[in-house]
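What follows is one structure encoded as structure tokens, with my remarks underneath.
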Amino acid sequence: MHIRFTKMQGAGNDFVVLDATRQPLTLQREQLQRLGDRRFGVGADQILVVEPSTKPEVDFRYRIYNGATGEEVEHCGNGARCFVRYVREQGLTDKDVIRVETVNRLLELRQAPDGRVTVNMGEPAFAPADLPFDPKALSPRAKHGVDVWSLPLPDGREVEIALVSMGNPHAVMRVDDVLRAPVAEIGPIVESHAQFPRRVNVGFMQVVARDQIALRVYERDAGETLACGTGACAAVVAGIRLGWLDAAVEVQTRGGQLRIEWAGPGQPVMMTGPAQTVYQGEIEL
Ligand SMILES: N[C@H](CCC[C@H](N)C(=O)O)C(=O)O
């Protein structure tokens, strides 16, 4: 199969974007993995497929696959910003506000004149069943009236995590210094911990000020990425709930800066950040 693709990045989280608006595109897992493979294919953290909408009030559908496994996932924040740039640059729409449906969310996206894109990421969810997270023998520790969980590790250590679903699952822990955080060691252990039947994205958050954090994320099925949009949303929401952060926070990631705003329960999380096209290409799959 001959495929035209667009390579994009949002704060260093990179994507292969495919246009399935003109004709249906059904890719096998192995083909998705080939697109994501940094040696034998194009290389990307996730593959984004833009599809026509099936509903009059929605402009597009957007499907997301982790590049390493070809597994479909529920949400991708940096990908949503690249999606907006893509559909406008490809002439698929000239709207300033775009409504797009993912597998389990309806997002509203808007691009500002300076090119930065703001995404209404929907409301966070916190019940263990939303992740899913199976507490088994664990019990939550209430902190600031919010449940945090002490997760036992195989070597006997424990890590304290806050659970947030942005449609996809996030376990967030606070660290003193992200540069020295044990991301490569603890990330994979928590990602595939038995308490997470569908595994989890693992965030390491350093609180710099009440309106500033530094964040690294060991992503489910991707390892550490340079930025994770839903991870930034989950970390800020957890920090606000735990009393560490105000309602608008600048998030410094290894790949760039994101701005996350959340006005509290019942409100959506708003994310603003960069999105760029890197190149276009073709590949035989
Ligand atoms: N690895 C994530 C999907 C991509 C999320 C991330 N790239 C973002 O920007 O939100 C998961 O398995 O839930």
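Don't overthink the numbers, they just go from 1 along the chain as shown.
Every residue, even glycine, has its Cβ placed from backbone N, Cα and C.
What TrEMBL says about a protein is an automatic prediction, not a curated fact.
Using a 10 Å radius centred on the Cβ of Asn66 (substrate binding site) and all shown protein chains, the other Cβ atoms total 21. Asn66 (substrate binding site) falls within a strand when secondary structure is assigned with DSSP. Residues or ranges marked as substrate binding site in TrEMBL: Asn13, Gln46, Asn66, Gly77, Asn78, Asn168, Asn201, Glu219, Arg220, Gly229, Thr230.
Residues or ranges marked as active site, proton donor by TrEMBL: Cys76. Long-range neighbours of Cys76 (active site, proton donor) (same chain, six or more residues apart, CB within less than 8 Å of its CB): Phe15, Gln46, Leu48, Ile64, Asn168, Gly229, Thr230. Cys76 (active site, proton donor) falls outside any helix or strand according to DSSP and counts as coil.
The active site, proton acceptor feature in TrEMBL is assigned to Cys228. Reduced to three states, the DSSP call for Cys228 (active site, proton acceptor) is coil.
In this structure the alpha carbons, written CA, of Asn78 (substrate binding site) and Cys228 (active site, proton acceptor) are 7 Å apart. Other residues of the chain with a Cβ within 8 Å of the Cβ centroid of Asn13, Gln46, Asn66, Gly77, Asn78, Asn168, Asn201, Glu219, Arg220, Gly229, Thr230, the substrate site, are Asp45, Ile64, Val73, His75, Cys76, Gly79, Val217, Ala222, Thr225, Cys228, Gly231. Neighbours of Asn78 (substrate binding site), defined as other CB atoms within 10 A of its CB across all chains, total 36.
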